[in-house]
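Annotated in TrEMBL:
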type	residues	note
REGION	1-38	region 'Disordered'
COMPBIAS	19-28	compositional bias 'Pro residues'
COMPBIAS	29-38	compositional bias 'Basic and acidic residues'
TRANSMEM	55-80	transmembrane segment
TRANSMEM	92-110	transmembrane segment
DOMAIN	161-228	domain 'Palmitoyltransferase DHHC'
TRANSMEM	206-231	transmembrane segment
REGION	297-322	region 'Disordered'
Amino acid sequence: MKDCEYRQIPPGAAAPGPAASPPPPAPERPGETPRPRRKWEVFPGRNRFYCGGRVMLAGHGGVFALTLGLILTTSGLFFAFDCPFLARHLTLAIPIIAAVLFFFVISCLLQTSCRDPGILPRATPSEAADLEKRIDAMGTSTYRLPARTMEVVINKYVVKLKYCYTCKMFRPPRTSHCSVCDNCVERFDHHCPWVGNCVGKRNYRYFYAFILSLSFLTAFIFACVVTHLTLRFHTYLVASNLTTNEDIKGSWSNKRGSEFVNPYSHKSILTNCCAVLCGPFHPSLIDRRGFVQPDVGTPASPKSEIPSFGAKPDTSMVGGVP
């Protein structure tokens, strides 16, 4: 078997086959110069193009819109409600770090979704016919390859290439045809509906950066929200000179009337904070490292001498005389 090298067939100027032919253009007015059509306007796959072909998305964009909406909503609520409190009471670095992570996540998501994942152009009818002739010429009387397959040697290993009946060409190594986008994609990983695109040779690095940065952003927001809730609740307790137990039970709730006002409050937030956080440090009331002293009291009476309060008195003994 001879070594083979795969050479990508360059796209031609002819229109694609009738199965994927685009709708015919509108009739032109007499004397009007025909407008040259760009390749994205006659692209045979199921992708959608925007901004003059600069942005391409898969045919279904609902799940991608859901992904983008969830990220924007969650981050927006965090920036609106949690960041102001944490920036005032902890550090200004929290909203800065969150903003950097947020913009990096959105950038990686858009790069993954709107970038060409590595789509291979389909063969033109003339190129497909030429390839058919070469396939027929590959068979001999002594050796014949299986139908619609080709073997190549990559790093001394034999790799079998499959023929794509849709794109009319042999797929390069690690290439697969996506049934959702209807395209052959180089180094095809998978079709991800959450990003609305295939993940392949040209956008895998952005996909990995997206899921990695999104994990960091999710963990950061979760930690900050928990910190916000805990810190805000205990700040309220310190300012009111309350305990968690008293607040849960409502021991000094104002709903019970003026007679149930918290008697430990100093009627001032500053005084309450000073009393709780800066008050005297009381010593421990238990001597944990002290020695246990033996009991010096009178020994306990034997069990036989302990009177039984439940037993009936002996009738034969009256006044101590039998």
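Including glycine, each Cβ sits where the backbone N, Cα and C put it.
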Contact set, same chain, for the transmembrane segment (55-80): CB under 8 Å, 6 or more residues outside the stretch: 40, 46-49, 95, 98-99, 102, 105-106, 109, 113-116, 180-181, 191, 193-198, 214, 217, 221, 224-225
Tally of residues which DSSP labels helix, strand or coil - the domain 'Palmitoyltransferase DHHC' (161-228): 25 helix, 18 strand, 25 coil
Long-range Cβ neighbours of the transmembrane segment (206-231) (under 8 Å; 6 or more residues past either end): 71, 74-75, 78, 82-83, 85-86, 89-90, 94, 97-98, 101-102, 104-105, 108-109, 111-112, 115, 189, 192, 195, 199
